[in-house]
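Asks: Got a structure for you, questions after.
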Amino acid sequence: MQTSAAIAIPWLGERPRLLLVGGERRDLAPLLRAIGCADVAVAADALAARTVLRERGADIVVLDLAADRRQLLDIVKSLRLEFPRIALVARGPRDETGALDLVAAGVNEYIDLDAGAHEVARALRLAEARARRGLDDGVQRQAIATIERNERRYRDLFEYSLGLFCTHDIDGVLLALNPAAAAALGYSVSELIGRPLADFVPSPLRREFAAYLKRIADRHSDTGLLYLVHRSGEQRIWEFHNRLVFEADGTPFVMGSAQDVTANRVAERRLRQQRAAMEAVNDAALVGLFHTDAAGSWTYVNTTYERISGLYAAQAARDGWLDAVHPDDRDRVAREWTHSVENGRRYRSDHRYVHADGRVTWVHVQAAPIVLDGDVTGHVGCVEDVTARRHAEQSLKRSEQRLRTIADALPAMIFYLDAKQRFVFANAAYERVYGGGRGVAGRYLRDVLDAANYEQRRPWLARAFAGERVCFELEQTVDGVVRHFEFNYIPQRDDENPREIAGIHALVLDVTPQKHEAARLTQLAQVDPLTGLVNRAGFAERLTRALARSRDQRTTLATMYLDVDHFKQINDTHGHAVGDALLKAFAQRLVGCLRSSDVAGRLGGDEFAVISESVRRREYAAAVAAKIVTAMRKPFVLDDLTLNVTTSVGLAFGTGAESADAILHSADTALYRVKQAGRNGYRVAE
């Protein structure tokens, strides 16, 4: 405690350090500066004021708080208690009783709200002077108050602490204990004072309690666990720190503190049980498990790991686990493991183990960092024996390679789409035609095909993904050549849910050669070998299609039926060779009289027919018939033989409503009438 002589409270000649607390009325700070208090600090409340006083101090503290009386009194008392050397001034409304209460609590001066600058300055001087006098007279009182305050604090600590405090004599009889200790046993303090502590010790442990009393008497201190019985009958565990002390007259007693660690001990036991259970689970796991420290040294492995690696836990500790790694893989594995540990990254590796019995196995190892408060404290991982799976994968891979080789050698295009129309597989033939020589696996069908081709296939795809097996043909230009393809879509049902379609298998055949051959055979079947014109079957097919077009386009179609006049006589006179030569020449001259869009055919013998579509006026068709009659009058020179022949033409018109047979019959009837009229002419059917 410093004396008043050591206390300097400047005023005149020096500017005092003032602290304005609150400043609810904004007129006070300018007023303080106006009377010479230039160094005025401002604190919003009492808590902020304490911070200012502790950090920089002040000579005079002016309380300008709009608080109720009780709260203001508490603030004054606490400030006066902690900062006894300051001059304390309060400002408030005119209230004599309130002012006296504040002065009694420690305020040196009270200022009315309506006080002027002169009165404020006078009050500050008086407060300073009274603070000086109060310090001189109060040194002794303050020392006594400090002792009382310390005793009160100790008593408060003892009474209100959550820790367990108690004293007992050398025989274990309780002398004193705080409420927390009594409550920890389910009693009040008065119920426990004077009772032997042994009464609360379980019977099997009382001999151990007697040993404790002897130890503390001999050693003067002891720590450990004390098992006590709660009022409810539940056993509690106290962890104590006790020492032997002596009264002024030499009487010994034990003083100590304790904490109830029952919950901790129960939790520890539960944790041990959980660890034991986890250890059992780990040992029963089908994969090897391991744990490392922050440096990557292995600290734990389970029995499955021992079985997989052929190493015991002690052998695998630290970096001994590398001994199980195949020599050809060891450097790589060690390098990758070190990199993962140093960077706090996940670790994954497939490598080989050489077992103690000489077996070589494949393992898949993965580990993850343990992160605590942002720091990697170790890794946990697992080791899986994948030898069987790897052999199966290799076997499957070889099988797939064989199938790929076979599929790529086939002339057909083969692929498989999943349920999202994404390619899972496609052979080389398909990738060559549709993938531009690039792989298509993993790509969507709509991305591989152009929009037009995809739209062509969309209806068929929808039917296949609905579960229907479909077959269809499409034309497509490949490398500038029109090709014909036959598509077969075969749905693949989901193994787990047969109602769902997992994807479709597709077989695509290039049937262009077959189409060409079929067309060639069709043409051979419909072409007259002598004249090169279409035969009766070919003509009938073309006439049927022409009639359909006339019906759809609402146009007129002309059909001519003609033959060679007196052909039988020529054939009988000059022979079949001359007759055939005449028919060929007749056919050529007939074609020369027609448009390129017209169709000429030989129906048999010397009978010919013509189809002329989109005839705008019937007179045009009649003019063509007349042109044919005129053209055939010109002599035919057949090697050394010249023949003069004529032709008769029957002409019929149709609009598509007629059948092919009907319109041919009409033209034939018109031809018959020409014959009746003397031949060498044409006639239009009525």
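Think of each number as a place in line: the chain as shown, counted from 1.
Each residue, glycine too, has its Cβ placed from N, Cα and C.
OK, TrEMBL features for this one:
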- 150-220: domain 'PAS' (DOMAIN)
- 274-344: domain 'PAS' (DOMAIN)
- 347-398: domain 'PAC' (DOMAIN)
- 399-435: domain 'PAS' (DOMAIN)
- 555-686: domain 'GGDEF' (DOMAIN)
Asks: Against which stretches of its own chain does the domain 'PAS' (399-435) lie, if we need a Cβ under 8 Å and a gap of at least six residues from its ends?
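Replies: Hits for the domain 'PAS' (399-435): 441-446, 448-449, 461, 465, 478, 485, 492, 500-510.
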Asks: Can you count helix, strand and coil residues in the domain 'PAS' (399-435) using DSSP?
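Replies: Computed counts for the domain 'PAS' (399-435) are 18 helix, 11 strand, 8 coil.
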Asks: In the domain 'PAS' (150-220), how many residues does DSSP call helix, how many strand, and how many coil?
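Replies: The domain 'PAS' (150-220) comes out at 42 helix, 12 strand, 17 coil.
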Asks: DSSP-wise, what's the residue breakdown of the domain 'PAS' (274-344) into helix, strand and coil?
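Replies: Across the domain 'PAS' (274-344), DSSP assigns the residues as follows: 44 helix, 11 strand, 16 coil.
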